């Protein structure tokens, strides 16, 4: 189900695992620049001075849970997301006190009393809320958050897309910006200060306009990739989406000096290219067209075919659907060696993979018109989609010798057999060596190979049996960093930094030489690194990474030396925070992104000293901060509950003007996929915010067992039986909330999208109407035998090895679903990820048992995100109106309809 890509709308993210998609060290050749980034706004001098959060401290509260606050959040009033003026707040409260002083005094006395809410189950921890003063309702002033604002992106923080690039002579501190400035659409800036003792390079404009001219026609740029020497730019136009991460387009080579463009392949102007990448030496481009790999040397207008037999079943250099979605979360399967002499690429044979038909009733994504007489038939796209137990694509790694114009491959000792192998990472090292990471089909054995392309030999350097270690699995990651030998700096051998399992948590380890089975552990403790490492400064011998060291819900940036000493934070850990970072080519500079809990900001930092220095604050989101001041934002209460000995993170969103003497309906929002995370400290204004702010309902989210960043024991417990423990944790937490004095236990609902849709149905099935009366499931899996093999078998094994687990995990007890008051199911008809088959099979089960307490809506031609014909807005409008009807009791009236007498 791909990596968990948090785009600020997590409920619509397809079935994924959480990886907190770091901006880790993007270079200009990693991905095309497609988002505008304006020039720097402010210059900050003064050492390690963070931009201030500002604002009142009552939007969210930390909650003590049975004396276990040390497990996550400190028992303090944490930072804020509001950014409003504290002086103005004092004036407002003074006026309130003058007007209703006696009432406020009695209210404060009431609130300062400890009022424990007894848990419904003895296995769950008692929660005591400690509220700092009378501001229990949070920001009650202002206008409620509207659904239109959420859907239009009005509440989305602004962020800037910049990519780092090494200078022609390896200079650090150069970044590529793309924007709309006059005659400076794409430019390279040198952010190094004269204080660093370097001569700054002049800002260089690579592309003056956001379009190119060729043969009298202007074509708008969709993506751009500067060459490493910055003399040319690879430009893509006419982009056409394929799957979630892949696309087609026309590619051009723009000469920076003349600003003239030529086709990537002058002999084929109409060809749709799937992928193109510069050589590190800037003298060639490798590209994929119609699943074949080609090379264009800039000294010639001719292209050289590297492969010739690519077709609809045989892919070269690009992943097929399942590898794109579940392994790489991207569109590339091609990797240049650092010296530009070799190209490594995947050969994917999916001949044996069964097809699944995707039907389109209102559109024709192929762009082709049907033959006469067939206009009234839907277009059908057959995709190769391996389901659990069915044949997977057979993937091998091949190499191309640029000088010899030769394709070759060679056997690796102790390799997996073809139908067991999943290649999850390819990393070039020095002198023609390359690291290959593979897993078996069920993703519980990982092997690391080192291949020597010059000697054409391979060696197994590491093998980890994850199933034997903790019964879990390994996630496909692409963050390994090669550390080249440097005897002068104490590194006699090549090595690499990798994430490994250490004492039940994900930590960083340094392996040197490659085949050393005993690594240097760089991090240790009851916390985890995230998509690490982020970067390595080879000059200083420092490894930078993001981790949950302060709390599972937080992210801070740290550094540690290659010998494992001197681990220190780069960000302020004295208050809750959620940071991300991307580093420059040499890791001397970085783009630091603060994502919450206050209004997000971005700054360029200098990491060359003992402490970080802020160079430029490039985004403060001033307008967003003003919106927060003027809006009625829910109070967020962070706490944790303990279920069966596991401490789980909980977020409660309380409506503005929250009154503890009232009875509120409660909506549980969940995702719950293996390794995912929904409760975090990011600034988020989403559908859940709208529900609390505008509809006045309480919204609760709990990350149950199986989710990420609370240790592998809690995560791996769900293997082979997904849905079971996760549903228990939602139900147990819901019973705790149902017992609270301010909750109406007769009005409780649960909702989710994708894996969250599956979990919604699983919760309703296991609960059987005891706790939850309502549920809303969007694009749900209902039987894991219907989902793709690589994702499902990672957590469930194959159906052959675990038939009872698949049976237990399916939504099968429809009689239990019938005990809820009502539930809603929505699905896109053209969903290539979670097929409509899931919903249709469940509907048939309901029909067979005459269960009719549900509503269903499908969206023609919409995929997993449900976007076709503006359907995304329709989904949320339906969720909102359906929930209002539920909590208003309308579905009780429809349960046993009676005819009215005629008048």
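Glycine too: its Cβ is placed from the backbone N, Cα and C atoms.
A quick note: this is a predicted structure, and the numbers were derived from the prediction, not measured.
The topological domain 'Cytoplasmic' feature in Swiss-Prot is assigned to 1-90.
What Swiss-Prot records for 10-37 is compositional bias 'Polar residues'.
The transmembrane segment annotation in Swiss-Prot covers 91-111.
For 268 (among others), the entry in Swiss-Prot reads N-linked glycosylation site, with the evidence type sequence analysis. Note on residue 268 (N-linked glycosylation site): other Cβ atoms within 10 Å of its Cβ, all shown chains, come to 14.
DSSP assigns residue 349 (N-linked glycosylation site) to a strand segment in the three-state reduction. Positions annotated as N-linked glycosylation site by Swiss-Prot, on the basis of sequence analysis: 349 (among others).
Around residue 640 (N-linked glycosylation site), a 10 Å sphere centred on its CB holds 28 further CB atoms from the protein chains shown. Per Swiss-Prot, N-linked glycosylation site is recorded for 640 (among others), and the stated evidence type is sequence analysis.
Sequence-distant neighbours of residue 808 (N-linked glycosylation site) (same chain, 6+ residues apart, CB-CB distance under 8 A): 721, 723, 724. Annotation comment: Swiss-Prot describes 808 (among others) as N-linked glycosylation site.
Using a 10 Å Cβ-Cβ cutoff, residue 349 (N-linked glycosylation site) registers 15 neighbours. A straight line from the CA of residue 349 (N-linked glycosylation site) to the CA of residue 268 (N-linked glycosylation site) spans 26 Å. Taken residue by residue with DSSP, residue 808 (N-linked glycosylation site) is part of a helix. Cα of residue 268 (N-linked glycosylation site) to Cα of residue 640 (N-linked glycosylation site): a distance of 60 Å.
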